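TrEMBL annotations:
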- B:7-25: transmembrane segment (TRANSMEM)
- B:31-51: transmembrane segment (TRANSMEM)
- B:58-77: transmembrane segment (TRANSMEM)
- B:83-105: transmembrane segment (TRANSMEM)
- B:112-138: transmembrane segment (TRANSMEM)
- B:158-177: transmembrane segment (TRANSMEM)
- B:208-228: transmembrane segment (TRANSMEM)
- B:234-252: transmembrane segment (TRANSMEM)
- B:259-279: transmembrane segment (TRANSMEM)
- B:285-307: transmembrane segment (TRANSMEM)
């Protein structure tokens with residue numbers, strides 16, 4: 001029953017899937033982890049990104065190139081979303097949790113239905129020269145449609161992390177979460193820093209969307225199945241810890257792949273939430289985060 | 001009993017009596033088929049509001065309790081042939097137990113974290129049901145409901161009156177919670193949990209009670225559902241639209257008093273029933289989403305608050 005190649009393949013598939021999950025969770029890591037805005041619409045924005053990539057690939061464009069083109073419109077979309085969010089809540093003096101969660105919940109429904117109306121509710125997939133073949137390494141078989149997105153995720157996370165930790169405007173984003181008043185005393189406008197951060201978070205959605213649609217076909221409601229995973233990753237990594245989110249995402253990916261190959265694939269949707277519930281109950285500040 | 005409570009109980013009794021007499025006036029069973037859904041949402045919104053509105057703990061997992069009620073009552077009825085009232089009672093007890101378990105989560109997690117954890121509850125329950133073959137798994141199971149008693153003209157009318165009784169009991173329960181010491185304590189928890197704890201409010205006991213009552217009402221709302229549809233499967237029993245409506249309806253009606261969720265559910269569920277029949281179910285969800293955004297953005301207190309403000313202005 002037990003054989004080393006099943007275990008090895010499950011672990012490697014888990015690592016690759018986890019890297020894709022990490023790219024899905026990156027945008028939420030910025031909006032929720034750093035800015036403390038509970039943007040539950042983020043997985044739906046990722047799906048919207050996937051459909052954007054799908055539309056461009058209809059004109060023979062490579063999905064990765066399509067994602068890079070999508071960065072600009074999605075950045076602008078994110079800025080617009082933040083402007084709407086802040087105009088609704090800032091004049092009331094801060095958002096309460098119920099209202100901001102409900103706002104993003106409503107937003108994700110609207111985006112899903114617009115996708116259904118625009119593209120129909122069938123599954124959509126993309127094609128590229130490297131999709132369909134696999135890399136064979138001894139006992140391992142790695143399909144390229146999983147390997148390429150899995151490399152895309154950590155590359156994007158590294159880029160965002162370097163930006164946040166090495167540049168001045170990245171430092172401002174991390175600072176705005178800690179102390180808004182100090183930032184305005186230092187001569188920066190907190191509202192414009194947050195707007196910029198929200199724009200970047202939404203721009204990551206189109207790259208994550210490209211990764212998602214390369215791994216497998218996507219339908220308009222696919223975001224719902226990701227909400228649990230992305231929140232589990234952001235919360236368990238510790239709010240705002242972006243390198244930590246990569247580690248947690250890979251751990252969840254491995255857990256899901258092991259459950260799928262040794263138990264039953266139908267159990268794996270529950271894995272992320274079970275991990276999240278256990279994690280929240282035992283260590284609410286996350287594994288890599290400071291106490292909140 | 002105060003004069004207001006007497007008036008309230010007389011009002012509820014009149015509404016229930018009218019509901020029982022209705023089948024002799026309206027002959028078309030479709031009205032009762034559609035009315036059942038409206039009453040089901042009155043119950044769901046009322047149940048959600050006991051925890052979400054009074055105590056301020058947002059439960060995204062209403063569909064988890066509802067689905068648990070659906071499956072428990074379907075299972076008890078098909079395997080043991082339990083009568084319908086006992087199925088409903090068993091579902092309510094099971095919902096209360098689930099609620100207490102959820103209540104212990106609030107010890108460690110609050111705010112957004114609690115809301116996300118409750119979302120997890122739905123996925124975990126749905127995954128479990130998917131993998132239990134006795135419950136039909138992913139393909140679902142057929143349930144042949146009890147024959148309607150002789151005083152009821154047909155199954156649609158009978159289900160409607162059953163749901164009406166559940167809704168009436170739930171609203172009365174919510175009103176009792178609101179005006180009693182429980183409601184006062186929960187409002188203190190919502191305003192500031194730390195301050196409430198420091199002034200001697202038994203916050204944990206109150207939260208557990210609110211979670212149990214809310215869970216019981218939500219699960220009871222699901223108990224007659226297998227007999228209404230004659231078929232249960234995990235995707236509709238744990239449907240996202242239930243969780244969405246459970247939040248949207250109290251928010252649109254107003255979360256501070258029992259009348260808010262009732263008002264919101266009557267309005268939104270009726271519009272949805274009309275929209276599903278006349279337009280399409282996709283546009284129905286789009287409509288709910290847009291209404292939800294509009295209310296959060298422009299009328300955060302809900303319809304009850306809009307009226308209240310107008311009355312307040314007229315009085316002053």
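Yeah, the Cβs are placed from backbone N, Cα and C, and that goes for glycine too.
Here the structure is a predicted model, which means the values were calculated and not measured.
It is B:58-77 that, among the stretches B:7-25, B:31-51, B:58-77, B:259-279, forms the most Cβ pairs under 8 Å with the transmembrane segment (B:208-228). With a threshold of 8 Å between CB atoms, the same-chain residues lying at least 6 positions outside the transmembrane segment (B:158-177) that come near it are 8-9, 12, 15-16, 19-20, 22-23, 32-33, 35-36, 39-40, 42-43, 46-47, 49-50, 54, 84, 88, 145, 148-149, 152, 183, 186, 210, 213, 217, 220-221, 223-224, 227-228, 258, 261-262.
Across B:7-25, B:58-77, B:112-138, B:259-279, stretch B:259-279 shows the highest tally of CB pairs under 8 A with the transmembrane segment (B:31-51). Using a Cβ-Cβ cut-off under 8 Å and counting only residues 6 or more beyond its ends in the same chain, the transmembrane segment (B:58-77) has close neighbours at 44, 47-48, 51-52, 84, 86-88, 90-92, 94-95, 98-99, 102, 114-116, 118-122, 125-126, 129, 134-135, 141, 143, 145-146, 214-215, 218-227, 232, 234, 237-240, 242-243, 246-247.
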